[in-house]
Amino acid sequence: MNNDKVIQVESLTKMFGDFIAVNDITFDVNKGEIFGFLGANGAGKTTAMKMLIGISKPTFGKAHVAGFDVFTDAENIKKNIGYMSQKFALYDDLTVKENITFFGGIYGLSRKRIKEKANTLIEELGLGNVANQLVGSLPLGWKQKLSFSVSLIHDPKIVFLDEPTGGVDPITRRQFWELIYKAANQGTTIFVTTHYMDEAEYCDRVSIMVNGKIEALDTPKKLKEQFKAANMNDVFLKLARG
Amino acid sequence: MKRFKGFIKKEFYHIFRDKRSLFILFGMPIAQILLFGFAITNEINNVDIAILDHSKDATTNEIINKIAASEYFSIKQMVTREADIASVFQKGQVKAVLNFEKDFSKNLIKDHKATIQIITDATDPNTANTISNYVSAILQQYQKELNKDITIAYQIVPATRMVYNPELKSVYMFVPGVMTIILMLVSAMMTSISITREKELGTMEILLVSPLKPFQVIIGKVFPYIFLSIINAIVIVMLSIFIFNMPVQGSLVLLALESILFIISALALGILISTISATQQTAMMISLMGLMLPVILLSGFIFPISSMPFPLQIISNIIPAKWFIIIIKGIMLKGVGLEYIWKETLILMGMTVFFIALSVKKYKIRLE
């Protein structure tokens, strides 16, 4: 098994009754890579991602995440990945500090480690003034950044981001991507779904899903050449229209 | 274990920072007990009644004296004509009129039978029922005294079919019922809401992606409610002991164990509800309509099961609250031990196991 490939997927398929949500997808993700997982709503992105993070069982196919089999070793996968959902799920009625402590706790970090993490995290995000405020009172952009940092609290090998920048302004999105780059530079693999095509340009490689299948997979540059498109948006439109 | 502690701590933050939860948890039990204890009462005291005595003989005199002497009634006026009865009621001066037939004493001796008509103001049906029950009781008492030294029984027939029900006499019967409702409410409704809230907010997904196992998440969520339900049960029992002087006849330990059994069955129901509802509103509606209403209407708390139509009597058997009420009434009011209520306990246990199994199964399906 290749150590540089942190995600290996082969012929992964998920069926709900007769409906094939994810149809025979195959791809690899390299260590430290920012891998963009693109597709229209309903293309099967979220279903594919749920299989990789161990909360949905594949119908058939093979997949290894962080070196562990999704069929037999979901528990080990969970220890080695971080996850941020599109709902930036933090607890609104807990303070910034309490949220960090709670999530550090469920990943089994020691009390001392949680304290250290909380301090660096609050400092890096500039949340010092609001550390003891309820998360519910923070602006959305701050919640997102906090949620991302919390998903990294146990230093996972891979972090899965499900449409992390939905609903915020371009400046906040830009800042958010700076956090992603920083994490990637430190060796964390980033697996990110998005439907903002400008964000696709920030990724090292992107895959585009249409109707449950991966129709294209390469660097943004090569994809633009292949489809003779000026930007990723055109690539996407060409693919989606068939 | 450390993870578990952190989880519980977080759960308590949720509860103590939400005013609505706090009110339901702590305001409600106290309010309900006081309300049922003081405001809603089946007892009657010094109810004003009128008498229409067509005989005016020794026997009717004696009966009237007995009624006047009781603390339940005070005789407000004597009516002389049947025609006046309506106006007495319309003026709202009395709640009931006792109408002794003509030649009461003579009939009693000759036919061994005499009749009193008890006319009650049924605009308030509960009070009307209670009044006729009480009058009947007094008459029966008198009848017994009469028959003591006479071989052929004299019969005074009150024209009402009600049988006196001694359990109706006091506020005590409400305590077990209110306790059942509160435990159901806290355990089932609050847990189902708190679990669906995590689903709605998306935090449930985060928890399931974490190394926590699904059953750890669920146990973490229900544990605080077990704890709070037990506190609630204690508060209710204390209130009834110290404010209403209601003694708990049986073993407190048994009462506590049976309560915990019921709490667990309600929690399992709460988990079950949370697996089938996507939003907090749905969870609340299902809990209220599916659990609270049957508990209030069909458990025998307010309406006696024996006087329900037959199909409803059958249905009442599948309501855990029915069995719990029988159990705690037995322990609290009659002071019975496990040897008298083992059957009900076994049924409740069976139901609990069934609900837990069902909710685990449902929960697993949802995860697939």
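Every residue gets a Cβ built from N, Cα and C, even glycine.
Over in TrEMBL, the protein carries these features:
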type: DOMAIN; residues: B:132-366; note: domain 'ABC transmembrane type-2'
type: TRANSMEM; residues: B:21-40; note: transmembrane segment
type: TRANSMEM; residues: B:171-195; note: transmembrane segment
type: TRANSMEM; residues: B:222-244; note: transmembrane segment
type: TRANSMEM; residues: B:250-273; note: transmembrane segment
type: TRANSMEM; residues: B:285-304; note: transmembrane segment
type: TRANSMEM; residues: B:340-360; note: transmembrane segment
Stretch of maximal Cβ-Cβ contact with the transmembrane segment (B:250-273) [cut-off: under 8 Å; candidates B:21-40, B:171-195, B:222-244, B:285-304, B:340-360]: B:171-195
Within-chain partners of the transmembrane segment (B:285-304) [C-beta distance under 8 Å, separation at least 6 from its ends]: 176-177, 180-181, 184-185, 188-189, 192-193, 266, 269-270, 273, 276-277, 312, 315-316, 319, 321-322, 324-326
Contacting positions for the transmembrane segment (B:222-244) when only residues 6+ beyond its ends and CB under 8 Å are counted: 8, 11-12, 15, 25-26, 29-30, 33-34, 37, 171-172, 175, 178-179, 182-183, 186-187, 190-191, 194, 252, 255-256, 259-260, 263-264, 266-267, 270-271
Outside the transmembrane segment (B:171-195), six or more residues from its ends: residues with CB under 8 Å to it: 11, 14-15, 21, 24-25, 28-29, 32-33, 36-37, 40-41, 43, 204, 218, 221-222, 225-226, 228-229, 232-233, 236-237, 240, 244, 246, 259, 262-263, 266-267, 269-271, 273-274, 277, 280, 283-284, 286-288, 291-292, 295-296, 299, 301-302, 321, 324-325, 328-329, 332-333
